[in-house]
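Pulled from TrEMBL:
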| type | residues | note |
| --- | --- | --- |
| ACT_SITE | B:Glu338 | active site, proton acceptor |
| ACT_SITE | B:His339 | active site, proton acceptor |
| BINDING | B:Tyr137, B:Gln202, B:Asn225 | NAD(+) binding site |
| BINDING | B:Ser248, B:Gln270, B:His273, B:His339, B:Asp372, B:Glu426, B:His431 | substrate binding site |
| BINDING | B:Gln270, B:His273, B:Asp372, B:His431 | Zn(2+) binding site |
Number of protein chains: 2
Amino acid sequence: MTNEFKIRRMSTTEAGFDSELADLLNRRMIEEQSLSETVASILADVRQNGDSAVVAYTQKFDRRNDVSSMAQLTVTQAQLQAALAALPEDLSHALHLAAERIRRYHEHQKQPSWQYEEEDGSVYGQHVVALERVGIYVPGGKANYPSSVLMNAIPAKVAGVEQVIMVVPTPYQGDDGGEGQLIFAAAAVAGVDQVYTLGGAQAVGALAFGTETVPRVDKIVGPGNVFVTAAKKQVFGEVGIDMVAGPSELTVVCDGHTDPDWIAMDLFSQAEHDEQAQSILISPNAAFLDQVAASIARLLPKMERRNIIATSLRDRGALILVENDQQALDVCNQIAPEHLELSVADPQQWLPGVKHAGAIFLGRHTPEALGDYCAGPCHVLPTSGTARFFSPLGVYDFQKRSSIIQCSPEGAAALAPVAETLATNERLQAHALSAAWRIPGREKL
Amino acid sequence: MTNEFKIRRMSTTEAGFDSELADLLNRRMIEEQSLSETVASILADVRQNGDSAVVAYTQKFDRRNDVSSMAQLTVTQAQLQAALAALPEDLSHALHLAAERIRRYHEHQKQPSWQYEEEDGSVYGQHVVALERVGIYVPGGKANYPSSVLMNAIPAKVAGVEQVIMVVPTPYQGDDGGEGQLIFAAAAVAGVDQVYTLGGAQAVGALAFGTETVPRVDKIVGPGNVFVTAAKKQVFGEVGIDMVAGPSELTVVCDGHTDPDWIAMDLFSQAEHDEQAQSILISPNAAFLDQVAASIARLLPKMERRNIIATSLRDRGALILVENDQQALDVCNQIAPEHLELSVADPQQWLPGVKHAGAIFLGRHTPEALGDYCAGPCHVLPTSGTARFFSPLGVYDFQKRSSIIQCSPEGAAALAPVAETLATNERLQAHALSAAWRIPGREKL
C-alpha cells in the first residue's frame, strides 16, 4: 500500500468503451450446480426433520458445538429488552433516532384499499392487507449490521405485519458479546416479535417450512450470503421473497465541483464493505477525475480497511470520463446501480433521466452513508443491475392485494354477453353459462 | 357419467375436519429433481446457443418439424393486424370491449412518483418508472386463451412499458388456424410490440438471456406449464418474474339464497379448466348444499367438458358445511383461494374479514367467469394458497421504484453524527468519515 495506488481510468471516447464497461460490470450470476444441490439437500432435511436438522446444521456451519437444542437458539423478549437497556447512551440515541426516521419515511409508502363505483352500481377496486407473518434475514459474521435490523423490520411493522420473525447467525456468545447485543437491541427498538440465532440455508428452510419451534412465515426478506440467496430462490413460490441479492455498488456522477476528498471517501465507503463491492465515478471533468485519483492515493493508506478498499477499487472500481451530462446518464442507466449519487449543482433536473437505480442520493451533501443508517429510506436495495426490475425493500413488500369485483344485476347483464362470446370461442361452456344465466330471462339448460 | 354423481361433503363439526381440509388442499409444490435438471440444461443451451437452440427445442417439444429458423417463429405486426381485421364482428366487439374495461380498471393502479420536503429543506420520496421491456408468456395448447393476452399485456402498457414481447407456443398453422388467429388479434388489440410463437423453458430462456432474434427482457410474466414455471424460477434474479403458478381454484361462500344452479355452474366453470382445478363451496345451510349437490348431479351430464369437470370435482372438489359466517371466513382464509365468490346478501360487510384471496367476487351477480374475461381486473392471480403473499398481476408489476434522498446542508449536518456513531460501532470508518465530513468545520484525516 503506497501513494502510488492507481484506479482504473476509462473514457467514453475510447474505442472499445462499451465492451470494457460490460467487462467491468460482469455480473452474470453463475450459481454453482454443487452449491444448488447442497442447498437443496439442506432444505429437504429441514423440511423433513425440523428442529433437529436446524440444530445439526448450526453446529456444523456456525461452529456452535455448544448448541444442542433450539431453546439455545431462541432469544427471549426479555433478552432483547435487556440488550437495549444495557446500551451506551449515544448508541441508544442513534438507534432510536434512526428508527424514528425510517418509520416516518415508510409511513408514506403504506397503500390503502380503494374502490370506485360505476354508473350501473357495480363496484371495482382492491382490498389491501398486510402479510400475517414474515421472516427477516439479518446477516451475521463479518457483516454485522444493527442498521439492517431496523431497515428490514420497520417497513414490515409499518405495513401492519402481526409477527416479524428475525433470524441472525451468531457465534456471538463468548467471543463477541458486544455486537450481538447491539443486534438484539436493534430488534427491540424495531419491535421484532421473535429472534432465532440461526443462519444459512437452514434458517431459510426453517422460516419457509416451519419447524416444531420456528413458525412458518409467508415471506422471507433481507440479504444473505450465496447459500442464503440460493435457498431463498429455491423456496420461492412456497413463500414470497423480496429479491435476489448480489454484491453492493455505488455509482457517483459529479460535475467536478464537489470536494474531491468527499467523493473519494464516498467511493471508499462502498468499497470497504467487501472485495466484491463496486465503486464507480463518472464525470465530464477530466481534471476533477485527476483530483479524485490523487485524493484516493493520498487517503487510502490512512484507512482502517485499506486492504479491502484497495482490492475492491483495483478489481472493480473505475473513474469514467464522459463528454457531457446526457452521456453520464446513459452510462448510469447502463450500470443500473444499487446506489446512485448525483453530486451535481441541480440534481432534481437529472431525475427524469434516471431510468434504473436502487436509491438516488441527490446533491453534494447526500453521501450514501447517510442513507445506509438514518436518512429514512430502506438500505435493502436491488444490486448487480437488478434495479432494472427490482425496487427497494418497502412497505409494499409487506402488503398484498385482492381484486374486488362486485357487479350489480345491471352490470352483470351488460358484461355477460361479452364473457359468453369469448368463453364460447374458448370452448369453455361452463364459463359461458355461468355468465349468461345472470342475464334476466335467459333459459337454463 | 350418471345422475348419481356425488361430490365430497365435509363439515366443520366432524372430528378430523382440519386434517381432511389439509388433505384436500394438499398443495405442497413438489418439483421433480429431473424436471429441474432438464429445465436447467435447456436454459444453459439457450444462453449459449441462442436462436439455434430455441429452434431445435421448438422442433422437438412443439413438434414443429416445419420450422428451421427463427424467422418462421416471428409474427409481424402486419400479421397481427390482419388477424384482427379478419375477426368476426361479435368477437372483435367483445375483444375491444374487454380490452377497454381492462385498461380503464388498471389506470387506477398506476402509481406516481412522490416527494416531500422536511423543515430543513431536505427532500425524500420515490421515483417511479415503468420497466423498459417485458416478456409475457401466453399458454397455448389446450389452454388457448386470447383473454390472457389482454390480461397480461394491457397492465404493462398502462404502466408505460415501451416494449411488450409476447411468446405463445403454437402448433397452429395447418391444424387450428382459427384460434391462433384470435390470439394474434388479441395481441393487436392490446398493443403488443412483438410476438414469437415459442413456448416452454426455451421461450423463457430466450426472453431472459436474449438471442440473436429475441431481445432480452427485464421481467417475464404470465402462467405456463410446469416447465415454464420451473424455468421462470431458475431465471429469477437475472430477470424479474411475477409469481409461481399452480392449478386454478375457486371457493364460493353462499348464504343459501342464490339459485343453486348458478352456484353449480360457477363451480363447473372452475372445474372445466383441467383435472387439477379445485372448486369448493362453503355454506352454513345444509339444505342448500343438498340442493347444489342435486344441481351438480343433474347438470353435469349436459356439460361438454363433463369428463374433466367430473374428475376435478371428484378428486379436488367439496361442499363444506360450517356453523356460522365467521367459520366460513376462517375456512376461506385457511384455503387462501385464487378466486373467492361471496354469494351472500351483504358482501361488502364480509370484506374486512377476508385475509387471503387473489380476487374477491362480491354478490350473487358476480360469477368468476365475468372476471375471467371482461370485468376489468386481471385474471392472472395467485394460486395454490400463494394469495397469502402474492397479489394479482397489475400495473405495479410493471413499475419500479428508486428511493430519493436529498439532504440540505443543514439536514446532512444533523444526520451525520447519527450515521457516524452507528458506522463507528459497525467498524466502517469510511462510512463514518463520508458522513462526518459533511459537518461544517469537521477536520479531515
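Just so you know, glycine gets a Cβ as well, placed from its N, Cα and C.
A TrEMBL annotation is a machine prediction, not a hand-curated record.
Checking each of the recorded positions B:Gln270, B:His273, B:His339, B:Glu426, B:His431 against B:Tyr137 (NAD(+) binding site) by C-alpha distance, the shortest gap belongs to B:His273.
Around the Cβ of B:Gln202 (NAD(+) binding site), 29 further Cβ atoms fall within 10 Å across all displayed protein chains.
Those binding-site residues from B:Asn225, B:Glu426, B:His431 lying by chain A, with Cβ under 8 Å from one of its Cβ atoms, are B:Glu426, B:His431. Sequence-distant contacts of B:Glu338 (active site, proton acceptor), defined as residues of its own chain at least six apart whose C-beta falls under 8 angstroms from its C-beta, comprise B:Ser248, B:Glu249, B:Leu250, B:Ala357, B:Gly358, B:Ala359, B:Leu381, B:Pro382, B:Thr383, B:Ser384, B:Ala387. Look at the binding-site residues B:Asn225, B:Ser248 and count other Cβ atoms within 10 Å of each Cβ; B:Asn225 has the fewest. B:Tyr137 (NAD(+) binding site) carries a strand DSSP state (E or B).
Looking only at the recorded positions B:Gln202, B:Asn225, B:His339, the one with its C-alpha closest to B:Gln270 (substrate binding site) is B:His339. According to DSSP, B:His339 (active site, proton acceptor) is assigned to a strand segment. Fewest Cβ neighbours within 10 Å among the recorded positions B:His273, B:His339, B:His431: this applies to B:His273. Considering only the binding-site residues B:Asp372, B:Glu426, the Cβ with the fewest other Cβ atoms within 10 Å is that of B:Glu426.
For the binding-site residues B:Tyr137, B:Gln270, the ranking by surrounding Cβ atoms (within 10 Å, all protein chains) places B:Gln270 first.
In the three-state DSSP reading, B:Gln202 (NAD(+) binding site) counts as helix. Shown in sequence order, B:Pro139, B:Val167, B:Pro169, B:Leu198, B:Gly199, B:Gly200, B:Ala201, B:Ala203, B:Val204, B:Gly224, B:Phe227, B:Val228, B:Ala231 are the same-chain residues outside B:Tyr137, B:Gln202, B:Asn225 whose Cβ sits within 8 Å of the Cβ centre of the NAD(+) site. When the recorded positions B:His339, B:Asp372, B:Glu426, B:His431 are compared by Cα distance to B:Gln202 (NAD(+) binding site), the shortest distance belongs to B:Asp372.
According to DSSP, B:Asp372 (substrate binding site) sits within a helical segment. Separation of the C-alpha atoms of B:His431 (substrate binding site) and B:His339 (active site, proton acceptor): 49 Å, rounded to the nearest whole number.
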